[in-house]
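Worksheet for the structure shown next.
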Amino acid sequence: MVDLREERTSSLPPAKIGLGVFLAVVGSLFALFISAYSMRMNMVDWRTLPVPALLWFNTGVLVMSSIALQWAQMAARRNDMDVALVGLLAGGVSAFMFLAGQLLAWQQLNAAGYFLASNPANSFFYLITAVHGLHLMGGLVGLGRTTAKVLRSAEASQIRLSVELCTIYWHFLLLVWLVLLGLLTGWTDNFVDICSQLLS
Amino acid sequence: MVDVPFDTVAGVPPAEVGEVELYHPRSWWTRYVFSQDAKVIAIQYSITAMSIGMVALVLSWLMRLQLGFPGTFSFIDPNQYLQFITMHGMIMVIYLLTALFLGGFGNYLIPLMVGARDMVFPYVNMLSYWIYLLAVVVLASTFFVPGGPTGAGWTLYPPQAILSGTPGQDWGIVLMLASLILFIIGFTMGGLNYVVTVLQARTRGMTLMRLPLTVWGIFTATVMALLAFPALFVASVMLLLDRLLGTSFFMPTLVEMGTLTKYGGGSPILFQHLFWFFGHPEVYIVALPAFGIISDLISVHARKNIFGYRMMVWAIVGIGALSFVVWAHHMYVSGMHPYFGFFFATTTLIIAIPTAIKVYNWVLTLWRGDIHLTIPMLFALAFIVTFVNGGLTGLFLGNVVVDVPLSDTMFVVAHFHMVMGIAPIMAVFGGIYHWYPKVTGRMLNEALGRFHFWVSFLGAYAIFFPMHYLGLLGMPRRYHDIGETAFVPASAHDLNAFMSVAALIVGFAQLVFLFNLIWSLFKGREAGGNPWGAASLEWQTPETPPGHGNWGKELPIVYRWAYDYSVPGAAGDFVPQNEPPAGVLAQGAHP
């Protein structure tokens, strides 16, 4: 016997579920890049390229960006839209800094002779950082629209939802970046070895 | 399925319209062209998919002409033959079947079947169609670029896909990869809609376990596609970079036309893993919606509840999950560790279990049912028979030792055409004959429909049954011209000619079907709201075709599953999902 009054579908807003599903797709995309990378790096001719120190700085900036958005989300929750705006702007600016830093890192590698096509490791490095950067740029569009909502003082519940969605997306991209960084710097080599031992 | 007790229903107020939330078209353009209404988008998807599908049909004619009468048609050279193979396969699998099942049937049926007014993100849904259309246009444009479309085979294996010698090496392959990338972006937009709509926009009382199996099939297929298409995306992006920027993701060191290429160190096998990690789930992305549609068709047209509903749902989900761990059975001939082969052969054979459960349940649904041999039912029966046929040869090919000698023969062509060509297209036709009255308000012409069914069904067997035999003889696939070969007897050539004639006739029957679609739109018999006496929600709309927003002022409330046919004691021979229990009892009271 079913009581209809308890038959309500989940109370989460559709946009949030939508973002969740989208993140699953993005996660699967990066997981596939990572598995392609791990398969390739086990071949004998693999030469890992030196990771520019700049990446560590960039990572710090991306962490700051995530923290700023978390801060904005908490402010939006208490209806403090001025602080939320500051958080959003800080998050946006630091995300731009991260992207600029990544471009600079590319330039440094290029200057040092590590070109896109000269070695599979290089190709993977440029490709994976580019895909991550593109996702962040897409996030910046969403962040811009959210900021516009705050500026024209849209309805508080709408702002709260938008800010929350941006924050989730940012944390997710930070997490992806940390995993990628581990992979690109060779930190996770042992782990990858263990995985490939299990498979072969 | 248990009815909701009367007293608990009494307390539920009807859901008022969220009128403000609904998008309203303001002009002809936004109503019929840039529409955000899922029903219009569904029709746009279907027309586009069928149009490009006709191109693929013509390509199959050309291939059959060459195979049946080698040397007769001088305008088909070996390069063109490879291009026809490639485009035929790619169009049929991705741009026709995937788009038609998910974009066409999914868009039309999901909101109506779950009792929603529209998809949850209508704007994104509209974008999804236009990006799909762009992908199709880019794909079709390869017929007109210098060098023509790519002839790499629909699997696009590197290194040959991007080396000279393969037709379409200049533009064809680049545009093909670009088109695939666009398709995946567009599909992801649509797929988000289908999943979130099923999860979030179901009307009250529509629990997951009351969804029609069509929705379960489309939903599971969409989830799979969302997880599998990224693999094709990754492979396409990397192959595109190899082709355009000279990277070596997939390209090993090799000599091309006597000169060493700039490539080095790439792994072609890596591409195969990525491709088939998408490619195998793709088979079930096409099959699961077909499973769902067939379940609904046989239940409605045999006037009997579906046998083992819960088992059917879990079989769909189980098949979906298993299909992600079988991909390397497409790569036995690429060489792999014997334990790998053992693992993938085992998982492949395990899929037979949930699939067999489904077939048994369909047969048990039919058993002692009141079977009406309507056109949708005929197509449903044809689907079951054909899918079993194709599935059985799948058991052969799933075994490494049997697959290796058969892999490059016509046997494989016959197998996959049965299982993911003929079978799903039977489900598509059955679905169109079944839901056309809801979409247009008119029935399709019966006589033309029966002609279409019998010619397509018998014709398809005339083409593909003998093809198994040719494969066992060792007749290779992908060959433009077999020539004089000791192991292929003269009779095999006659058989080839016979199959080609059958293919031409089957193709002609599809033209009759298209004519029927258009003719019935104007001259078909008026259908009324529920011509088949079906219980699921889409047949209970206040208007036919359903108006904007699908339902009138109030959303329907669902009291039961979608399969209450021939219920003992009930007045009619079916009970609609949204009929309150009180009404059923009152009707059931009179003798």
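Cβ atoms are placed via backbone N, Cα and C, with glycine included.
Mean pLDDT for the domain 'Cytochrome oxidase subunit I profile' (B:23-559) in this predicted model: 93. Taken from TrEMBL, the feature domain 'Cytochrome oxidase subunit I profile' covers B:23-559.
Here the transmembrane segment (B:40-62) has long-range neighbours at 31-32, 73, 76, 80, 84, 87-88, 91-92, 95-96, 99-100, 103-108, 125-126, 128-129, 132-133, 136, 139-140, 439, 503-504, 507, 510, 514, meaning same-chain residues at least 6 beyond its ends whose C-beta is under 8 angstroms from one of its own. Per TrEMBL, transmembrane segment is recorded for B:40-62 (among others).
Summarising the annotation, TrEMBL assigns transmembrane segment to B:82-110 (among others).
Residues or ranges marked as transmembrane segment in TrEMBL: B:130-151 (among others).
As annotated by TrEMBL, transmembrane segment applies to B:171-192 (among others).
Annotation comment: TrEMBL describes B:213-241 (among others) as transmembrane segment. Only residues 6 or more beyond the boundaries of the transmembrane segment (B:213-241), in the same chain, are considered here, and those with a CB under 8 A from a CB of the stretch are 98, 101-102, 105-106, 109-110, 113-114, 156, 158, 161-162, 173-174, 177-178, 180-181, 184, 187-188, 191-192, 194-195, 198, 247, 249-250, 271, 274-275, 277-279, 281-282, 284-286, 288-293, 295-296, 306, 309, 312-313, 316-317, 320, 323-324.
Residues or ranges marked as transmembrane segment in TrEMBL: B:283-300 (among others). Here the transmembrane segment (B:283-300) has Cβ contacts under 8 Å with residues 93, 97-98, 101-102, 105-106, 212-218, 220-221, 224-225, 228, 306, 312, 316, 319-320, 323, 358, 361-362, 365-366, 369, 376-377, 379-381, 383-384, 387, 419-420, 423-424, 426-428, 430-431, 434, 532-536, 562-563, 565 of the same chain, all six or more residues outside its ends.
Beyond the ends of the transmembrane segment (B:312-333), by six or more residues, the same chain brings 209, 213, 216-217, 220-221, 223-224, 227-228, 269, 272-273, 276-277, 279-281, 283-284, 287-288, 291-292, 295, 306, 340-341, 344-345, 347-348, 350-351, 354-355, 357-358, 361, 397-398, 400, 403-404, 407-408 to within a C-beta distance below 8 angstroms of the stretch. According to TrEMBL, the feature transmembrane segment maps to B:312-333 (among others).
Among the features that TrEMBL reports, transmembrane segment is placed at B:339-357 (among others).
Here the transmembrane segment (B:378-402) has long-range neighbours at 287, 290, 294, 297-298, 301, 329, 332, 341-342, 345, 348-349, 352, 355, 359, 362-363, 411-412, 414-420, 422-424, 426-427, 429-430, 433, 450, 453, 457, 460, 468, meaning same-chain residues at least 6 beyond its ends whose C-beta is under 8 angstroms from one of its own. Per TrEMBL, the feature transmembrane segment maps to B:378-402 (among others).
Residues 92-93, 97, 100-101, 105, 108-109, 283, 286-287, 289-291, 293-294, 296-297, 300, 374-380, 382-383, 386-387, 389-391, 393-394, 396-397, 442-444, 449, 452-453, 456-457, 460, 463-465, 467-468, 470-471, 513, 517, 520, 532, 538 of the same chain lie 6 or more positions beyond the ends of the transmembrane segment (B:414-436) yet place their CB under 8 Å from a CB of it. Positions annotated as transmembrane segment by TrEMBL: B:414-436 (among others).
The list of residues near the transmembrane segment (B:448-469) in space but at least 6 beyond its ends in sequence, with Cβ under 8 angstroms from a Cβ of it, reads 64, 375, 378-379, 382, 386, 393, 410-411, 413-415, 417-418, 422, 426, 429, 433, 495, 498-499, 502-503, 505-506, 508-510, 512-513, 515-516, 519. Residues or ranges marked as transmembrane segment in TrEMBL: B:448-469 (among others).
Residues annotated as transmembrane segment in TrEMBL: B:497-519 (among others).
Using a Cβ-Cβ cut-off under 8 Å and counting only residues 6 or more beyond its ends in the same chain, the transmembrane segment (B:82-110) has close neighbours at 38-39, 41-43, 45-46, 48-50, 52-53, 55-56, 59-60, 62-63, 76, 116, 119, 125, 128-129, 132, 135-136, 139, 142-143, 148-154, 156, 166-168, 172, 176, 180, 183, 187, 190-191, 194, 197-198, 214-215, 218-219, 221-222, 225, 282, 285-286, 289-290, 293, 420-421, 424-425, 428, 431, 435, 439, 478, 480, 538.
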